[in-house]
Structures are given as C-alpha cells and as structure tokens.
Amino acid sequence: SILRTLPHKSTFGPCLIMGIALASNVGGMASPISSPQNIITIQNMSPAPSWGNWFAVALPLCILTDLIIWAWLIVLWRPQRDTPTIPSIRATREPVTIQQAFICFVTIGTIILWCIENSFQEQLGDMGVIAILPLIAFFGTGLLTKEDFNNFLWTVIMLAMGGIALGKAVDSSGLLDTIAHYIQDAVSGLSLWVVLVIFSCLALVFATFVSHTVAAVGLSFADPHPRILVMGTGLVCSAAMGLPVSGFPNMNAIALEDEMGIPYLKTKDFLKS
C-alpha cells in the first residue's frame, strides 16, 4: 500500500524494500529457528546452546547491525529528498474474523512446535514434518486455493531446496571432509580469534554468491573451541547479503516491480548497499 502511494521514481520505495530485505537477513540471526543456517549451526554444536544463550549473543548483534543498516541506507538513498512525508493510510477497525483467528492459531502453534521439536522429536518428527501442518490446515480448509499454490514464489523455494540438495551432495561425497582437513591443517597453530576471523571471511564471501543454507553446510570443521567457531561462522552466514542470490529476502526484494513492471531494485543496488 505504501509503495502505491509514492511518487514516480521516488527513492523511498527502493530504500524501503532494501531495508526490509537486509533487516530480514539480519533477523535470520535472532533465534535458533529463524533461519536454516541456524539449525545447521546448532546441529554442529555440542552441547547445543539454549535459547537464552543464543538470544544473549544474537539479539544485541542484530539490534546493532540493524541500526548501522538504517543509517547507511539513509545516507546512501536519501529518501527524504523526494519523499519528505509518507501519505497516511487509514487504519481499518474491523473485528477479527474466525478465519483470521484460525490463521493466528495455526501460525503460533507451528512456531511453538518448532521451539519444542528437540524435546519431542520421536513424536513430532523433523521440522520439515511440522512445516506440513499449516499446509494441511490452510489448503485442507479452503483458506488457500489452487491459484494460491500456483502463485507461490517457486524460485525462492527451489533456491532453498537446491541449497539443501547441494549441501547433502557435498557432505555425502566426502568433499566436505577433504576441505575440512585441508583447512584444519592450514590454520593449525593459529589463535582462536584469528581462526574465527578467517572462517567468518570465508563464510561471508561464500554465502554472498550462494544461499545462506549452502554456506552453513561447512560448519562441522574441527577446532579446539568448536562452539565459538561454529556459532560465529553461522551468524556470519546471515550477514552475507551482497547479491540477489545471497538469500531468500534478497530474491523476494529484487522480484518486486512497480505498476509499470519496472523492478524497484537492480543487482548493483545490492552491491552498493
């Protein structure tokens, strides 16, 4: 609604979309279930961190990073030049319907099941099994139709599935172990923080050119302090957002078009932002 009220060629629209995309990437650090790379990270940490431990590390980092992104986008795009004010949108005061309450119930219930999945894995199964429940609830009751199914962003879904398939192939072929041993020999004798910086840079570059999920597959490298190394590298995967293919929010952002069919963002916009 906001985008439709903006003047033609306003820089506020691209700035807003870019801000949402970058903030979504940063939000992938926030909780253990907020992104696939976090799940992979926890699987490679022994013992796995509690939700409190994860929040204690990730939330301050997310808040600080979001503030830096906000300031940088304001300086880069200067949206206040051609859009000094945002047209107000009248808020609706309609009562909550049964359908809306049902959607909230299913959504909150799914999130709760994801949170307790580790404790009831034998009964609930994998997180992917839990993710089927809202599909059954929404399509089975007619809230979503065949047209909704056909309008899914299948490019984003294929990116996720392709990333998981590529990760499984790298792991099962033994290539991951070979790379791990090579890097382990190369960094042997270095201090923990030097190794963390090296791995973070590698993950940042790699996750920029492929999806975050693929980059997180390499988190099983050995180290005298594996938990710090694994979690640090896992969080860095979410920070890689320099290209449209770096993550799902970027792909959604670059796919948005105005009423004339012109994309709001281009690849160069991600590179400079």
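The backbone N, Cα and C atoms fix where each Cβ goes, glycine too.
Unlike curated records, TrEMBL annotations are generated automatically.
Taken together, the residues in the domain 'Citrate transporter-like' (14-217) have a mean pLDDT of 81 on the 0 to 100 scale. For 14-217, the entry in TrEMBL reads domain 'Citrate transporter-like'.
Remote same-chain partners of the transmembrane segment (12-34), defined as residues 6 or more beyond its termini with a Cβ less than 8 Å from a stretch Cβ, comprise 2-3, 6, 42, 49, 51, 54-55, 58-59, 61-62, 65-66, 69-70, 73-74, 76-77, 79, 82-83, 86, 111, 114-115, 127, 212, 235, 238-241, 246-250, 252-253, 256, 258, 264-265, 269-270, 273. TrEMBL lists 12-34 (among others) with the feature transmembrane segment.
Sequence-distant neighbours of the transmembrane segment (54-77) (same chain, 6+ residues past either end, Cβ-Cβ under 8 Å): 11-12, 14-15, 18-19, 22-23, 26-27, 29-32, 38, 231, 235, 239, 272-273. Marked as transmembrane segment by TrEMBL: 54-77 (among others).
Same-chain residues lying 6 or more positions outside the transmembrane segment (98-116) and placing a CB less than 8 Å from one of its CB atoms are 33, 51, 124, 127, 130-131, 133-134, 137-138, 141, 143. For 98-116 (among others), the entry in TrEMBL reads transmembrane segment.
Residues annotated as transmembrane segment in TrEMBL: 128-145 (among others).
The transmembrane segment annotation in TrEMBL covers 152-170 (among others).
For 190-221 (among others), the entry in TrEMBL reads transmembrane segment.
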